[in-house]
Structure formats: C-alpha cells, structure tokens
Amino acid sequence: MHASHDHGPTPRRFLPAGPLRGRIRVPGDKSISHRSIMLGALAVGETKVTGLLEGEDVLATAAAMRAMGATVERQGDGSWSIHGTGVGSLLQPVTALEMGNSGTSTRLLMGLVASHPITATFTGDASLSHRPMGRVIEPLSQMGADITASPGGTLPLMLRGLSPAVPITYRLPVASAQVKSAVLLAGLNTAGITTVVEPVPTRDHSERMLRGFGADLWVEEEGGIRTIRLRGEAELRPQTIIVPGDPSSAAFFAVAALLVPGSDLVIENVGLNPTRAALFTVLRQMGGSIVELHPREVGGEPVADLHVRHSPLTGVAVDPALAPAMIDEFPILFVAAALAKGRTVTTGLEELRVKESDRLATMAAALTAAGARVTEQEDGLTIDGTGGDPLSGGAYPVATKLDHRIAMSMAVAGLVSQGGVEVDDTAPIATSFPTFQHLLDSATGNR
Ligand SMILES: O=C(O)C1=C[C@@H](OP(=O)(O)O)[C@@H](O)[C@H](O)C1
Ligand SMILES: C=C(OP(=O)(O)O)C(=O)O
C-alpha cells in the first residue's frame with residue numbers, strides 16, 4: 001500500500017484551463033466510508049456498502065479491520081461486502097496497523113481497540129507521525145486503555161485495550177469529530193453509558209450511523225451544547241449503506257467552476273449534511289451561484305446535485321462559528337478568496353495547524369508563491385483578492401507537505417493563473433480523491 005509515496009514525489013504543473021462544463025460525480029464521502037467499514041466490521045452478518053471511497057485512507061481502515069478479524073472485500077460490481085466479528089470480538093492484530101496519512105483511521109481505530117482485550121501498534125507516514133494523538137490518548141486512558149506514545153503524544157504508539165472498560169463522561173476540549181467518535185466507538189464495548197459533551201457541534205456521521213446499525217444512542221441539545229449518550233455492550237445489526245458523494249471533494253470543483261469564466265457545471269450526488277456543508281454557504285455569501293437541484297436523502301444523509309456557474313466573488317469575513325462545518329475546505333476557500341474582489345478575513349482556525357500539514361502556513365506560502373496577497377495570523381489568513389484577474393502563477397514548485405488538500409487547492413489555483421502552478425507532489429491526492437486529476441482534465445476539456 002501507499003506505493004505511490006514510495007517512488008518519490010510526482011510533480012505536475014497545473015496550467016490555465018477551462019471552462020468547466022457538463023456533469024461530474026465525485027467519489028464517496030471519506031468520513032462515512034471509514035465509519036461504514038468500522039461498524040460493518042463489528043456487526044455479525046453481511047454489511048453491503050455501495051459508493052465507498054476507494055482512497056488510500058479508507059483502504060488503510062479496511063486493512064486494519066481485516067487485521068482484527070473482519071472480512072472486507074470488494075465485489076465485482078464495485079460494491080463492498082463486510083462480515084464483522086461482533087462488538088467485543090476484535091482479534092489481536094499480528095503486525096502493526098499502518099495508518100498511512102489518515103488521522104481519521106488512527107483516532108477512530110484507537111477508540112475501537114481501547115475497549116477490547118487486545119494490543120495494537122499504530123504507525124503512520126511522516127505527516128501523520130507529527131499529528132497530536134494526546135487528544136484521544138486522554139479520554140481513552142480515562143476509560144482504562146494503556147497507551148505508550150512517541151514524544152509529544154505522536155505515532156508510532158502502542159495501545160493496550162481494557163475489557164471491561166470504564167464508561168466516562170467526556171467534554172470535548174477541541175471541536176473534533178474524530179475525538180468524539182473515538183470515545184463513542186470505545187463506548188460500544190463498554191458496559192453502561194458513555195457520554196460525550198460537545199460545546200461546538202461537529203460532523204455527526206458517527207451518531208447517525210451508530211443509530212442506523214441499531215445502537216442505543218440519543219442526543220440532547222441545550223444552548224447549542226450537544227450531549228451524546230451511548231449505551232454500551234451494543235449488538236450491531238448489519239446494514240446496507242449507500243455512501244453519498246463527498247462535499248469536501250466537490251468543494252474543489254465548485255470553486256474551480258465559480259472562478260473559471262464560462263463555467264457551468266453540475267456536480268451530482270453531493271452530501272449536504274449541515275455539519276459539513278458550510279463552504280457552500282460562504283461561497284454564496286461571496287456571490288457564488290450554487291443551486292441545489294433535486295434535494296433528497298441517501299443513506300440517512302441529505303444529498304443534492306449542485307449546479308455551479310462562474311460568478312464574480314467578493315471577499316467576506318468568514319464567521320468562525322462555521323469553521324467546524326467546513327474545516328477541511330479552508331485551503332480551497334483561500335483560493336476562492338485570492339480571486340475575489342476585496343478582502344477575505346478568516347479567524348478561529350487554530351485547528352488547521354494540526355492537519356496533514358499546517359494548512360495556514362502551507363497555504364500562505366503556496367498562494368504567495370503563486371502571486372496572491374496573503375497575510376498569516378495565528379488563527380487565520382487575511383487575503384486581498386485580485387477581483388477576478390488571474391494570479392501570476394509561479395516558476396517554482398509549491399510545497400504541499402504530504403497534504404492532499406493543499407495539492408488539490410493549488411491545482412485549482414493553477415487553472416486561474418497566467419503561467420500555471422507547479423505542485424511539488426500530486427501523490428497524496430490519492431489518499432482522499434484518486435480520480436481528481438482525471439475528473440479535472442475531463443471537466444476542463446483537457447482530455
Ligand atoms: O471525523 C472525521 O471523519 C473527520 C473529522 C475532521 O477532523 P477533526 O476531528 O480533527 O476535526 C476532519 O478534518 C477529517 O478530515 C475527518
Ligand atoms: C484532515 C483530514 O483527514 P484526516 O484527519 O483523516 O487525516 C482531511 O482529509 O482533510
């Protein structure tokens with residue numbers, strides 16, 4: 001696995017191109033794909049998943065669940081079939097669980113292992129090995145897991161689970177769906193009620209899917225604070241899951257179509273869970289024409305086709321309260337801001353510094369190199385846009401730091417530049433969106 005990363009970087013210069021026209025479909029949602037494999041792997045019987053994202057991050061989750069006893073197979077028709085072990089019956093993996101570039105795999109699987117009587121070692125690539133795991137080590141240790149991490153609470157780490165584990169009430173100190181999910185997943189094999197208090201709502205795919213698999217989970221909301229309770233020793237029932245298209249992947253095409261003159265694009269089947277869809281709200285505030293066609297429900301999640309047309313954009317001050325619902329979309333929002341008229345101000349984005357790269361520093365450097373006017377603050381970027389004129393582009397490759405979202409964002413910046421933008425390494429794109437370059441080439445007519 002991760003073969004593309006073992007053969008050195010794969011640079012590419014993204015040249016001015018477009019317009020984007022026609023209809024496209026982006027791959028399945030990454031968050032929902034991870035969770036469908038994990039919960040399927042805990043349900044006795046066959047779970048069927050269609051539309052699964054076949055990106056490296058999700059494949060790392062699939063390999064880990066196999067290593068712990070589940071059967072996870074791709075069928076001839078492209079659907080996935082999972083036969084689970086049952087909650088409480090995960091097996092001790094024989095070798096280290098290789099998490100590659102994936103924070104979601106690591107943190108959620110640490111939760112699962114924490115309440116099983118097994119020991120697992122978690123390893124990751126250079127990017128993941130810098131990311132903070134203390135945020136999950138803390139609550140999982142309270143539940144009884146014994147965790148030995150590398151200095152700074154990083155990978156590689158070894159986790160010895162405890163069964164029976166101790167049910168806890170945990171108030172999230174950071175707005176993180178991964179921490180919330182780690183505690184809830186640990187709660188599945190824990191007698192009693194595990195409670196997570198969420199002062200700021202984050203993506204709720206775990207809650208929706210746990211309920212769908214038959215777990216006893218309920219949510220109270222008071223004054224914007226969500227309290228999620230899960231009754232442990234759950235018996236999960238296998239499900240048929242249809243994974244909607246990933247709004248975080250659609251985001252690159254939505255922004256590209258808004259920015260490239262003459263574009264008129266329909267992105268089909270985009271998941272629009274309100275805990276995920278704030279980028280589209282902000283782009284509309286900036287003047288973007290994004291219309292939701294045929295709103296419907298797919299697999300318990302709201303979905304629509306997005307009709308996006310080229311629009312002149314105006315800078316805005318982005319409400320920091322929206323950040324959790326667009327947390328992975330800031331790199332591409334910064335590209336939109338760089339082409340907008342006037343100033344865009346973002347704040348409250350400290351979390352971006354601990355993603356696959358420090359996304360504030362990496363985007364400030366990359367956009368500046370491409371000719372944009374960017375100022376970096378501790379908790380956000382301020383960007384003075386061109387008013388629609390193309391960026392100059394740059395002669396030298398921009399550093400993407402093993403971060404797929406930086407690579408895709410700067411690819412879109414290349415489309416709206418004079419000289420193109422060279423991305424130093426496109427290989428990480430395969431972690432979340434393996435068909436990105438093919439789709440971009442076909443939507444821009446560069447077949
Ligand atoms: O739960 C999830 O599936 C995710 C949660 C977010 O991370 P945090 O929980 O660290 O905010 C997000 O950035 C990540 O891409 C996926
Ligand atoms: C932050 C991301 O993913 P993860 O935390 O799973 O590595 C992302 O996909 O932008």
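The backbone N, Cα and C atoms fix where each Cβ goes, glycine too.
Site annotation (TrEMBL): phosphoenolpyruvate is bound by Lys30, Gly103, Gln178, Arg359, Arg405, and the candidate from Arg74, Arg131, Arg203, Arg208 recorded at this site is Arg131. With a cut-off of under 6 Å between the Cβ and any atom of ligand 1, the binding-site residues Ser31, Arg131, Ser176, Gln178 reduce to Ser31, Ser176, Gln178.
Checking the recorded positions (Lys30, Arg35, Ser176, Gln178, Asp328) against Arg405 (phosphoenolpyruvate binding site) with a 10 Å Cα-Cα cut-off leaves Asp328. Within 10 Å of the C-beta of Lys30 (3-phosphoshikimate binding site) there are 24 other C-beta atoms, taking all protein chains into account. Rounded to a whole number, the C-alpha distance linking Ser31 (3-phosphoshikimate binding site) with Arg131 (phosphoenolpyruvate binding site) is 18 angstrom.
The subset of binding-site residues (Lys30, Ser176, Lys355) lying with their Cα within 10 Å of the Cα of Arg131 (phosphoenolpyruvate binding site) consists of Lys355, given in sequence order.
A separation of roughly 18 Å, to the nearest angstrom, links the Cα atoms of Gln178 (3-phosphoshikimate binding site) and Arg359 (phosphoenolpyruvate binding site).
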